[in-house]
Amino acid sequence: MTEKAPEPHVEEDDDDELDSKLNYKPPPQKSLKELQEMDKDDESLIKYKKTLLGDGPVVTDPKAPNVVVTRLTLVCESAPGPITMDLTGDLEALKKETIVLKEGSEYRVKIHFKVNRDIVSGLKYVQHTYRTGVKVDKATFMVGSYGPRPEEYEFLTPVEEAPKGMLARGTYHNKSFFTDDDKQDHLSWEWNLSIKKEWTE
């Protein structure tokens, strides 16, 4: 069987163009206090807010960003050890590091993040993948809406399979974005993924 190199992914519309075609406008951002005071007589909304915020009072740090992305983990059962990327330190240093993934391995991306002050709507994780300077893929994952709490949230993408074959092996450069409906950039970072025949070569 002849091996094929990955083909560049052609994007007909990016997210901004799609939003404008649908005439979608996100609702204006409200503070947590405003949201808690709204619709006190609406039982369904009370349940929804309870789901987002829990039962206890929310204690927030006014100096902290509302959304903090802490780690990215590649969840792969066949990996010889954990594959985790710390996103709270020097993001420039991540550009020089390379994560190894064995070809054909099944994996999922897990994003760890915290919400500190206000409910955030329409969170999404976007990843652009390049090889030799050419964009070969773009993936957008809808994360959802979350309220503030002391514990971290985790978001897990669907299972993906790493490319395989001699032509698919090599280093892929990723540009990742954690954003929301208001197009607020909570975190952007770049990292490298090397597809190899074996975990260690």
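Sequential numbering from 1, following the chain as shown.
In case you wondered, yes, glycine gets a Cβ from its N, Cα and C as well.
The shown structure was predicted, so the numbers you read here are calculated from the model rather than taken from an experiment.
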Of the residues Lys30, Lys175, Lys183, which is given the N6-acetyllysine tag by Swiss-Prot?
Lys175
Swiss-Prot tags one of Lys33, Lys102, Lys197 as N6-acetyllysine; which one?
Lys102
Candidate annotated as phosphoserine in Swiss-Prot, where the set is Ser105, Ser121, Ser145, Ser188:
Ser145
Out of the modified residues Lys102, Lys124, Ser145, give me the one sitting nearest to Lys175 (N6-acetyllysine) by CA distance.
Lys124
If you count, for each of the modified residues Lys102, Lys124, the other Cβ atoms lying within 10 Å of its Cβ, which residue has the minimum?
Lys124
Assigned element (helix, strand, coil) containing Lys124 (N6-acetyllysine), judged by DSSP:
strand
Helix, strand or coil at Lys102 (N6-acetyllysine), per DSSP?
strand
CB contacts for Lys175 (N6-acetyllysine) [other CB atoms within 10 A, all chains]:
15
